[in-house]
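Visitor: Feature annotation from Swiss-Prot assigns topological domain 'Extracellular' to 24-622. As annotated by Swiss-Prot, domain 'Fibronectin type-III 1' applies to 126-221. Here Swiss-Prot flags 226-319 as domain 'Fibronectin type-III 2', drawing on sequence analysis. What Swiss-Prot lists as motif 'WSXWS motif' is 305-309. Annotated domain 'Fibronectin type-III 3' per Swiss-Prot: 320-415, in sequence order. As annotated by Swiss-Prot, domain 'Fibronectin type-III 4' applies to 423-519. Sequence annotations record features per position, and here Swiss-Prot assigns transmembrane segment to 623-643 based on sequence analysis. Annotation source Swiss-Prot lists topological domain 'Cytoplasmic' at 644-861. Annotation comment: Swiss-Prot describes 722-760 as region 'Disordered'. Under the heading region 'Required for STAT4 binding', Swiss-Prot lists 800-806, citing similarity to another entry as support.
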Amino acid sequence: MAHTVGGCSLALIFIIMLLLVKAKIDVCKRGDVTVQPSHVISLGSAVNISCSLKPKQGCLPSSSFNKLILYKFDRRIYVQHGHSLSSQVKGLPLGTTLFVCKLACSSSDEIRICGAEISVGVVPEQPRNLSCIQKGERGTVTCTWHRGRDTHLYTAYTLQLNGPKNLTWQKQCNDHYCDHLDLGINLTPESLESSYTVKVTAINSLGSASSFPFSFTLLDIVRPLPPWDIRIKFVNASVDRCTLLWRDEGLVLLNRLRYRPINSRSWNMVNVTNAKGRHDLLDLKPFTEYEFQISSKLHLYKGSWSDWSESLRTQTPEEEPIGMLNVWYMRQHIDYNRQQISLFWKNLSLSEARGKILHYQVTLQKVAGGEITLQNITEHTSWTWVIPRTGNWAAAVSAANSKGSSLPTRINITDLCGAELLAPQQVLAKSEGMDKLMVTWTPPEKATAAVQEYVVEWRELHPGAGMQPPLGWLWSPPYRLSALISENIKPYICYEIRVHALAGDQGGCNSTRGNSQHKAPLSGPHINAISEEKGSVLISWDEIPAREQMGCILHYRIYWKERDSNSQPQLCEIPYRISPNSHPIDSLQPRVTYVLWMTALTAAGESPQGNEREFCLQGKANWSTFVAPSICMAVIMVGVLSMRCFRQKVFVLLLALRPQWCSKEIPDPANSTWAKKYPIVEEKTQLALDRLLTEWPTPEEPEPLVINEVLCRVTPVFRPPHHRSWSEKGQGVQGHYTSEEDTGYSASSPPPPRAPTAETGQGVDLYKVLGSKGPDSKPGNPASPLTILPVDYLPTHDGYLPSNMDYLPSHEAPITDPLEELPQHISLSIFPSSSLRPLTFSCGEKLTLDQLKMGCGSLML
């Protein structure tokens with residue numbers, strides 16, 4: 001079967017060769033192209049190229065001539081008429097150049113005759129830097145060399161190795177760019193001291209060159225295989241003793257180790273001899289991830305190092321933390337006896353933590369007495385608690401991992417800004433790039449020597465909603481008056497920066513604001529309320545969102561102008577620190593509608609305007625405009641009322657204008673002292689009452705009622721205070737409810753009708769008939785006869801003004817009295833009727849109804 005496959009392969013090769021020969025014959029069937037001296041020449045040599053036509057291969061008999069053209073690639077270089085052409089060519093470049101000969105029988109068509117390739121190259125250079133290597137004890141010998149310059153020709157390299165006992169190994173490299181070759185033989189360890197010689201020879205069409213012989217022994221060329229199965233062991237789970245283990249080839253005598261932390265770029269190197277796959281490392285750091293690699297060598301001076309082994313990565317065990325926490329605090333008063341203490345601390349570095357920090361222990365205690373007041377364990381880097389304001393307090397914070405705790409950091413809780421003399425001066429913040437700020441200050445003028453250290457504190461001024469900005473701080477010695485801060489610094493964010501000067505248990509502070517980069521704000525403030533307060537306008541607004549402020553805001557501007565006005569708006573510029581979210585304006589005119597809006601400014605420019613709000617100041621009249629007229633009117637009124645005649649008229653007018661519903665009832669004469677002092681005889685009164693009851697009409701047959709109206713003109717005047725008092729006349733005013741026993745009716749008078757209707761067209765004063773003693777009656781005679789008085793008659797002796805009396809019409813003519821022709825007078829008072837002052841009458845002992853007009857609101861004579 002193998003012979004059959006081999007025969008088929010040979011037949012296929014033979015057929016391909018025949019086809020190639022046939023193709024060549026077919027290509028050059030009209031003529032030949034010859035090259036002298038050779039198709040391969042050295043650089044700078046000349047060559048002769050000839051082209052000739054074969055018999056009967058020229059132009060047709062009708063053609064007048066044969067024209068042969070020689071092309072170098074696609075460019076004509078020579079033309080000749082006839083059956084042959086010959087030309088010498090010089091200056092050919094390195095590499096291969098194609099020449100083609102063509103026949104032209106007419107002006108348009110050219111026929112390809114034949115062509116030739118000429119190769120230009122150089123003689124091979126002597127190979128240099130010949131070296132050989134055998135990888136591992138069971139590897140094969142491989143040699144490498146430097147070829148030198150390119151010959152641009154096909155060059156063959158032959159490697160020949162000569163050993164003891166006339167042993168020779170030879171192998172040729174057919175690659176065009178051959179610079180290494182594997183002999184495929186293994187030199188065994190039994191001949192470690194045997195000497196070997198190797199050389200390489202380069203051959204091409206222009207010549208050959210051989211390298212210098214290279215002699216070596218097995219130890220010189222054998223490169224051990226990299227160590228494998230690397231592992232590490234920590235004795236007692238401690239980093240103090242670490243053992244690195246690996247496996248090697250048997251002939252290895254020397255090892256080198258390198259290791260480094262993962263985040264480091266430099267290696268720690270260790271050389272060990274005859275290690276036998278084991279080495280102890282004593283300088284590893286706790287809780288650190290390391291990378292380990294190992295290399296091997298067979299001899300101290302001969303041979304080469306093996307390649308580095310694959311990396312081993314592992315983390316060392318934890319150890320107790322070292323170092324102390326960097327602690328800072330904030331103090332805030334809540335009320336008169338409580339304060340809030342917020343402690344902050346920074347994480348320990350990996351070299352200080354020496355493990356995973358599980359928690360922090362916080363202790364607060366009073367300085368006096370030293371008793372522990374509060375202890376807490378937290379996993380965060382901050383802690384807040386409320387403690388009393390009494391006494392001096394101190395705090396201690398320590399970090400703990402699985403192996404132990406660090407030393408506590410102790411700090412006294414003092415008023416950081418309580419001492420004004422310790423406050424640093426001229427605190428400034430300047431940008432130092434996209435994420436850095438340089439803070440500078442000057443020491444306090446009067447307490448420079450007392451300052452023990454400075455603390456620079458910063459935090460974002462306007463964090464997002466619901467966010468607590470991280471607090472950053474750093475300590476600075478007293479001789480350093482600047483600090484470069486870069487922790488949590490972002491561009492286009494405003495930071496509040498505070499510098500504290502500490503001296504024992506006292507401190508002073510000063511602050512500023514700064515940003516690393518700034519632009520004009522992206523939006524303006526939003527006005528949320530406009531209110532009027534004491535003639536001025538109070539404008540309140542919402543802060544611009546922190547991400548749209550684009551740096552520290554330096555000023556706010558409030559613009560306003562009248563609505564529908566084309567004039568330039570007025571403005572008020574407010575420094576940021578003075579009014580963070582409200583400001584009054586007192587230059588607006590009352591009852592004018594204004595349009596208001598706001599902008600904000602940073603060091604880079606002004607923001608777009610915020611929302612517009614309309615507002616009209618209602619205003620209040622100036623109190624001075626009312627005070628002067630009021631005083632004038634008061635003076636005039638006092639002057640007018642001081643005159644008696646005007647005062648009387650004014651009071652009469654006021655009494656006349658007083659509504660009826662606000663007046664109180666007139667006292668009932670039936671309840672007077674006179675009625676009780678002179679009682680009516682019971683028998684006659686009873687007879688009179690019986691007669692009245694018998695003559696009283698039934699409701700079915702009402703009798704017509706005739707009412708005589710008595711109109712009396714009166715002239716009211718005020719009585720002077722020197723007139724005799726009411727007591728001198730023996731009269732008084734007293735209000736009582738009229739009982740049936742004190743009331744009498746005339747036998748000839750009809751019973752009292754119902755109250756008059758609205759059809760009468762006027763108000764009527766209703767009265768009852770009053771029983772009275774005659775002029776001859778005496779107080780000691782209770783059986784004196786009943787005297788029926790006229791309707792219009794009222795007794796004046798020890799009598800009272802009537803009230804709540806039914807109207808009783810009179811059928812008798814009014815009794816004339818000489819006093820009726822005299823001017824009628826009445827004494828008025830501004831007091832209510834229930835407290836009327838006693839009146840003095842000039843009517844003698846009798847007062848008739850034609851002299852008296854009584855209403856619910858006045859009493860006139």
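Positions of Cβ are set from backbone N, Cα and C atoms, glycine also.
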Visitor: Could you give me the DSSP helix, strand and coil counts for the domain 'Fibronectin type-III 3' (320-415)?
Guide: 4 helix, 53 strand, 39 coil
Visitor: So how many of the residues in the domain 'Fibronectin type-III 2' (226-319) end up helix, strand or coil by DSSP?
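Guide: Grouping H, G, I as helix and E, B as strand yields 3 helix, 44 strand, 47 coil.
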Visitor: If I take every residue in the domain 'Fibronectin type-III 4' (423-519) and average their pLDDT values, what number comes out?
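Guide: Averaging the confidence scores along the domain 'Fibronectin type-III 4' (423-519) gives 90.
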Visitor: Within the domain 'Fibronectin type-III 1' (126-221), how many residues are helix, strand or coil going by DSSP?
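Guide: For that range the per-state counts are 10 helix, 48 strand, 38 coil.
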